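**Student:** What TrEMBL shows for this protein is this:
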- 11-72: domain 'ATPase F1/V1/A1 complex alpha/beta subunit N-terminal' (DOMAIN)
- 113-201: domain 'ATPsynthase alpha/beta subunit barrel-sandwich' (DOMAIN)
- 219-445: domain 'ATPase F1/V1/A1 complex alpha/beta subunit nucleotide-binding' (DOMAIN)
- 453-547: domain 'ATP synthase A/B type C-terminal' (DOMAIN)
Amino acid sequence: MVATDKARGVVQAVSGPVVVARDCPASMYELVRVGHERIVGEVIRLEGSSVTIQCYEATDALAVGDPVERTGMPLTVELGPGLMSSIFDGISRPLEKIATLSGSVFIPRGVDVPSLDRERQWYFEPDPALSVGRLVTGGDWIGSVQETPLILHRIMVPPGTMGTVEWIAPSGWYTITDTVLKVSHQGVSKALSMMQRWPVRQPRPIAEKLVANTPLITGQRVLDTLFPCVQGGTCAVPGAFGVGKTVISQALSKYSNSDGIVYVGCGERGNEMAEVLRDFPELTMSLADGEQVSIMNRTLLVANTSNMPVAAREASIYTGITIAEYYRDMGHDMSMMADSTSRWAEALREISGRLAEMPADSGFPAYLAARLASFYERAGRVKCLGSPERTGSVTVVGAVSPPGGDFSDPVTTATLSTVSVFWGLDKRLASRKFFPAVNTNISWSKNIQALEPWYDAHYPEFPSIRQTVRQILQMEEDLSEIVALVGRDALAESDKVVLAAATMIREDCLQQNSYTSYDAYCPFLKSMLMLRNIVLWYELAQKAVAEVDRDAGATSASNRLTFAGLRDVQMDLLNRLSRMKFLEPSMGDDALRRHLDALRDDIVKSFRERDWALTA
């Protein structure tokens with residue numbers, strides 16, 4: 001298509017990814033094609049007849065006088081069957097298709113490949129509730145496509161579209177551009193296909209925002225029990241280089257109870273994204289009938305590495321959240337992993353500097369907090385548009401990479417003021433190979449109160465267990481200074497019990513080995529029962545020490561129960577407590593409960609048989 005003069009402009013200046021064009025009457029955030037190679041760009045500033053464009057591809061060899069072509073539309077993403085199990089770049093171009101066409105491992109500049117395959121056919125099943133003459137509006141189900149074994153893709157009326165049904169396609173095989181529904185509104189007929197487009201910067205509309213009250217089960221005990229996140233919540237995972245941000249993001253992608261995962265590598269190192277692209281297709285999960293399927297059946301990857309143009313980082317973030325919202329509108333619970341938002345913020349800082357904007361703290365633009373907040377606000381549990389009535393959610397987990405692990409960094413500070421969960425990673429724990437390296441003293445969650453109804457319905461004993469565990473860890477923190485000064489032997493016997501319980505909680509429960517079948521993923525039931533047994537032993541040990549101390553009196557030191565005596569007599573029991581994590585989750589909830597309930601009964605029995613206590 002040859003553009004008219006009104007749709008063309010001319011390059012006036014080039015500064016890295018920022019291009020200034022004149023005589024180009026474009027709109028704000030309009031998509032344009034720059035230069036003879038038609039590089040993809042987006043208008044970010046209007047000044048009279050001049051526009052400022054941020055380019056999503058390398059601007060090498062661009063020259064003053066090169067053409068700038070308007071497209072008349074904003075940066076959009078194609079939505080329809082074929083998204084799941086795909087790999088895109090930051091502006092939603094399919095990398096596998098580009099590699100096939102170009103025959104190269106590099107992306108040619110200006111390549112224009114549609115996101116979705118126009119030739120692949122899908123088996124479309126019309127919705128049984130739909131009939132000719134019925135009024136439909138945005139969000140109504142038209143039919144369904146079994147996109148993958150894990151994802152039932154609901155074909156919906158695009159938002160903003162309404163009319164009376166004139167024709168419905170029968171069951172059969174169709175491409176995404178074939179007409180599957182015709183509607184008429186005010187005498188105008190419109191054909192709808194299985195594909196729709198949506199501007200990435202505009203949140204998709206919803207009927208109502210709801211309170212998130214279901215936990216996001218991650219399979220990591222420290223996260224699920226002490227700092228839970230809800231489906232539809234927002235979570236920040238800040239930490240220095242090498243502490244495990246990417247590992248946690250990938251663990252959530254592999255094992256969380258979400259229906260689908262959108263993993264966005266936002267400016268990450270190429271080797272990390274290469275590891276994701278290599279490992280994810282090989283990972284499997286079990287269906288209800290026991291069949292093993294690849295987790296790529298519920299995963300979409302947006303690969304944007306650090307050597308790609310910085311402006312594309314912003315596009316990758318918005319592309320990922322828009323796709324997650326699309327699946328949310330079907331009624332799915334989606335999770336989006338952004339790794340990492342610090343790279344996006346660095347791109348904002350570079351673009352802002354080239355635009356000569358007034359810098360704020362550390363050179364970041366003054367609108368950094370507003371941009372981050374507008375992104376995280378697109379998460380949430382919602383009542384979807386259209387019929388049938390349904391709910392869906394988008395959970396956003398954003399990794400943050402503050403320089404040197406300094407949590408006072410402007411990006412970390414702005415993020416923590418927005419999110420509801422903070423998983424702070426500690427470099428000291430990471431250096432000890434402690435995974436997940438979550439510092440329990442600085443991490444927090446604002447979702448505890450919202451999850452109380454869920455706990456009451458499924459695990460009514462858990463809130464008190466969690467509170468006791470938090471108290472034990474806090475007491476250990478307080479005692480650590482005393483131990484550093486006078487040593488562990490100078491502590492009271494009750495304090496030694498506290499330290500022993502805290503050690504069991506940290507090393508035998510909160511620490512996990514992702515390379516093992518028993519510890520890579522932990523069901524919530526197993527996590528809760530493990531903590532329950534440790535808390536039970538702690539409470540009974542404290543009572544035993546206190547009772548013997550009181551009965552024996554200050555003058556009967558020889559009859560006093562010491563922690564050393566308790567440990568020697570209960571050596572086998574303590575060993576069984578430390579080995580709880582070796583129970584395989586594959587044995588099922590009933591078997592896990594039987595084994596851990598039997599251990600609980602043995603703990604109670606050991607403290608009831610108290611004759612040994614007076615002679616220990």
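Every residue number used here counts from 1 along the chain in the order it is shown.
Glycine is treated like the rest: Cβ placed from N, Cα and C.
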**Student:** Quick one: find which recorded stretch in 11-72, 113-201, 453-547 has the most Cβ pairs under 8 Å with the domain 'ATPase F1/V1/A1 complex alpha/beta subunit nucleotide-binding' (219-445).
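**Tutor:** When the Cβ pairs under 8 Å are tallied, 113-201 comes out ahead.
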**Student:** Can you give the mean pLDDT for the domain 'ATPase F1/V1/A1 complex alpha/beta subunit N-terminal' (11-72), rounded to a whole number?
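**Tutor:** The average pLDDT of the model in the domain 'ATPase F1/V1/A1 complex alpha/beta subunit N-terminal' (11-72) works out to 92.
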**Student:** For the domain 'ATPsynthase alpha/beta subunit barrel-sandwich' (113-201), give the DSSP counts of helix residues, strand residues and coil residues.
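**Tutor:** Summed by class, the stretch gives 0 helix, 44 strand, 45 coil.
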